[in-house]
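**Student:** Below are the structure tokens for one structure; questions will follow.
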Amino acid sequence: MGSSSQSDLNTTVCSSNLTTPPSATAADEVSSTKNDTIDTAVGSEGACESSPKSKKRRSEDFHEDFKPKRVNSGPTPATDDGTDQSARQPSEPAELKDNVTKETWQGFCEIESEPAFFSAILHDMGVQDINVREIFSMTPDCLETLPRPIYGLILLYQYHQQGVSAQQEDKSSHVWFANQLPAQNSCATLAMINILMNNAEIEIGEHLRQFKDFTEDFTPYQRGEALASFDFVKKIHNSFAKEMDILEADKHLSHKVKKSQRQQRDKKSRRKSTDSGVTDESAESDEENAHHFIAYIPVGTEVWMLDGLNAQPMKVGTFDAARGGDWVSSAADSILAILASGRDEYTGFALMPSALPSLRKQASLAINHIKSTESQLDSTSPDWCSFITDGDSSSIDPSAIGIEDQLSTHPTPDTITTTITSEGLQDLLNRRMIVLKELNQLIISIVSEMQDEADNATKAAQGRFDHGPVIKLWAEMLAENGYLEQNLDRFIESKGGSKKGKK
């Protein structure tokens, strides 16, 4: 799966150094000589090759945001005369210009697997009322306790190659699926996008809707190529990156490209003696530590696994919702099979609707229900307030729970209004008391959900803050005012003491 240059690769949470499926159309157009160079550079024996320049990408309607660019580690197509173009190398850390930031960097950085970060990414992309929830166990019993609906499941696990037999091709033209390109740490964002694009119930926002329409006729590899060049998504993803992450990513990739070029120059003399033995060992070492994201979704009555490292999506089961079948149970069987063949180290995530819209709708209906009941009480007995001790519903502030604009859109249903007009004083008082208790419970739930969202927003804001430059500036100021030099002995003693302790 790898090459002789893989022995020193750093594995990442997104398995960017793992095998990425080749595009069927691209494989016909890329020479085997170039494959050797690029495979070594990206650390992946089956790395994706550049897709051909399709008419779709040459059309005048090609939006600038979606226009594929050469990714740093991506392969280069052969020229008309059959020779290979020079591999594009990323800038080395020493050559990075001051204006190269996480907003302008052209890669996808490795980010922490935090559900609050994923929810923030979805929100910033324009996805409405969707949250990412962490699942600590992917067993059927645990998944059964999750609230429904569940739009998709994501599994983060220690990657192990499942073999060609497990990657059979299914008829998947009705499934939107994009590949993960080599050396792109985008698999978490890619897994979420693969889920979003296959659910018509989710409001994905204008940017993703245009991207979906634009890539409708693309192959999975071409969609992955377009996503890798989609600056809108890339900037949001990289907003959680740190300056050091960018420097390390460029340094790591530059080292791989240079090493591949050195090996390419003398590959004829080294291929027989070196490549075959080192490749397998290097690949096994990378797979032992690398982690990877895959997604599971329902499409009609089928359950599909979307793994960006596979050439095509894979159907893993079916279900019959009309007979009470649940797609999550079918997905759980596939997940457990994957985990059984590797190490039991994983984390699960679920994409599900936010509870706030439903709770706010129920609260709006409850408030209007109470108002209709009180209006009928005024007509039945003007002094009805003397019979109650639970307070006045008018003391509830709709703006405090974010429903001031929803009260007019959720009036009391006609059937309930008709029933209210036919009830007597005691029935109306009982109705009001019951609905008021329900409203109080709804308010508690809404406030709790609002607090959770505020906490997640705070966590996401903290995750986006890069402490590195602050610490660097602080250390520079300490050096300038002489504090570091004055206390050098203390630092040396502290360091020496820790060493003695280790011995």
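Positions of Cβ are set from backbone N, Cα and C atoms, glycine also.
Okay, these came from TrEMBL:
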type	residues	note
REGION	1-100	region 'Disordered'
COMPBIAS	58-68	compositional bias 'Basic and acidic residues'
DOMAIN	107-356	domain 'UCH catalytic'
ACT_SITE	CYS187	active site, nucleophile
REGION	252-286	region 'Disordered'
ACT_SITE	HIS292	active site, proton donor
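Context for these features, please: burial, neighbours, distances.
**Tutor:** Taken as a whole, the domain 'UCH catalytic' (107-356) shows an average pLDDT of 84 in this prediction.
DSSP assigns CYS187 (active site, nucleophile) to a helix.
Under DSSP, HIS292 (active site, proton donor) is assigned to a strand (E or B) in the three-state scheme.
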**Student:** How many whole Å apart are the CA atoms of CYS187 (active site, nucleophile) and HIS292 (active site, proton donor)?
**Tutor:** 7
**Student:** Rank the active-site residues CYS187, HIS292 by the number of other Cβ atoms within 10 Å of each Cβ, and give the residue at the low end.
**Tutor:** HIS292
